[in-house]
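Engineer: First the structure, which I've put down as structure tokens, then a few questions once you've had a look.
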Amino acid sequence: MPGNNSAKGTATGNATALWRNAQLATLNPAMDGIGAVENAVIAVRNGRIAFAGPESDLPDDLSTADETTDCGGRWITPALIDCHTHLVFGGNRAMEFEMRLNGATYEEIAKAGGGIVSSVRDTRALSDEVLVAQALPRLDTLLSEGVSTIEIKSGYGLDIETELKMLRVARRLETLRPVRIVTSYLAAHATPADYKGRNADYITDVVLPGLEKAHAEGLADAVDGFCEGIAFSVKEIDRVFAAAQQRGLPVKLHAEQLSNLGGAELAASYNALSADHLEYLDETGAKALAKAGTVAVLLPGAFYALREKQLPPVQALRDAGAEIALATDCNPGTSPLTSLLLTMNMGATLFRMTVEECLTATTRNAAKALGLLAETGTLEAGKSADFAIWDIERPAELVYRIGFNPLHARIFKGQKVSP
């Protein structure tokens, strides 16, 4: 294989576990393509990768282990990463889905009590325990497809206590399943009815004090916002981001989904982890993201569910050198999707992304979009031993198949956790 096709550890002592007789898609950026390695082995020591590369290059001090698994020639990829979800919410919006199919407009749905108002009402009303119980099946579905890291946003409270409740529930989920959960504070998601037409007051009274509390309680790993005509302006989001920056919290942004307000450029000016959606992103915005190292997170589930016509400018992002990630955008209204494998197929089919781009988008680039690239997202020495073993003949099957899950095993922090 061309390039550096191994990752050697520096620590001494036997490996904790060996996965032998495998084929690797390392996603190592120092290698060509997906970083494929044949006749490969992964050595794990104390939950971290000590070596990932050709069996012939395995150091002697790692050649024996407490446990050895013969992978039978199967493919191993980094564990998948869903870097944009709204996984915690109350109720569901199946009724408005039926209304939309029958021709109801957004306004008619809203008047009937649907839309985000419905999710806010249900999320406010439910206890932590019920929200956990409702979120677990969604979480389990993602984990069953080889996902080991998931971002979860608040944003269906729109008052301080419910926003914090959602973040606490997300933290609770991490204690109930073998998964890494990253939280984003998204009070700047919409304006509640009692602040209609008073965005500035809502930010002053709710968003900023809630951010302070979320930070003080260690509930927020990042701060998000929705920059759009139906949500918040660039100037309004700038206030939120300035407060996040003062507290040392990274930012990310829903931007350019329905129009181009310049949200991506705002995100880039803060060196945001990511800017997400981006259907109406222009060339200037794409270049700004690339220059800032801000990942462009595309969300084909929302594009599909909303029957959008405006495609995100994938070629402009490529030309600018921006890194692209894909995510489910799991939410009750516009993307009730809990399959990252299907998301990859949508990225390829709807957005014309390549197999290599789709695999990179749900591993390495998704890790970067969460600020976790030093920890996970590739099969390299020193990183957490998070990987997925697949019953496939070639990695393209993960993108090509629809409604099929070929996961053989999921390894999280060096432990086999499913199925």
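Every residue, even glycine, has its Cβ placed from backbone N, Cα and C.
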Engineer: Return the residue out of THR16, THR328, THR334, THR338 that Swiss-Prot annotates for the same 4-imidazolone-5-propanoate site as ARG93, TYR156, HIS189, GLN257.
Structural biologist: THR334
Engineer: Per Swiss-Prot, what member of ASP159, ASP319, ASP329 joins HIS84, HIS86, HIS254 in binding Fe(3+) at one site?
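Structural biologist: For the Fe(3+) site that includes HIS84, HIS86, HIS254, Swiss-Prot also lists ASP329.
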Engineer: Across all the protein chains here, work out how many other Cβ atoms are within 10 Å of the Cβ of HIS254 (Fe(3+) binding site).
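Structural biologist: For HIS254 (Fe(3+) binding site), the 10 Å Cβ neighbour count is 30.
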Engineer: Given the binding-site residues HIS84, HIS86, ASN331, which lie close to HIS189 (4-imidazolone-5-propanoate binding site), meaning Cα to Cα within 10 A?
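Structural biologist: The binding-site residues passing the 10 Å Cα test: none.
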Engineer: With an 8 Å cut-off on Cβ-Cβ distance and a minimum sequence separation of at least 6, pull the same-chain contacts of ASP329 (Fe(3+) binding site), or say none.
Structural biologist: HIS84, THR85, HIS86, ASP276, LEU299, GLY301, ALA302, SER335, LEU337
Engineer: Between ASN331 (N-formimidoyl-L-glutamate binding site) and HIS254 (Fe(3+) binding site), find the distance joining the two CA atoms and give it rounded to the nearest Å.
Structural biologist: 14
Engineer: Taking only the binding-site residues TYR156, HIS254, GLN257, which one has a CA atom nearest to the CA atom of GLY333 (N-formimidoyl-L-glutamate binding site)?
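Structural biologist: Checked the binding-site residues TYR156, HIS254, GLN257; minimum Cα distance to GLY333 (N-formimidoyl-L-glutamate binding site) goes to TYR156.
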Engineer: Between HIS254 (Fe(3+) binding site) and THR334 (4-imidazolone-5-propanoate binding site), what C-alpha distance do you get in Å?
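Structural biologist: Counting only the Cα atoms, the answer is 14 Å.
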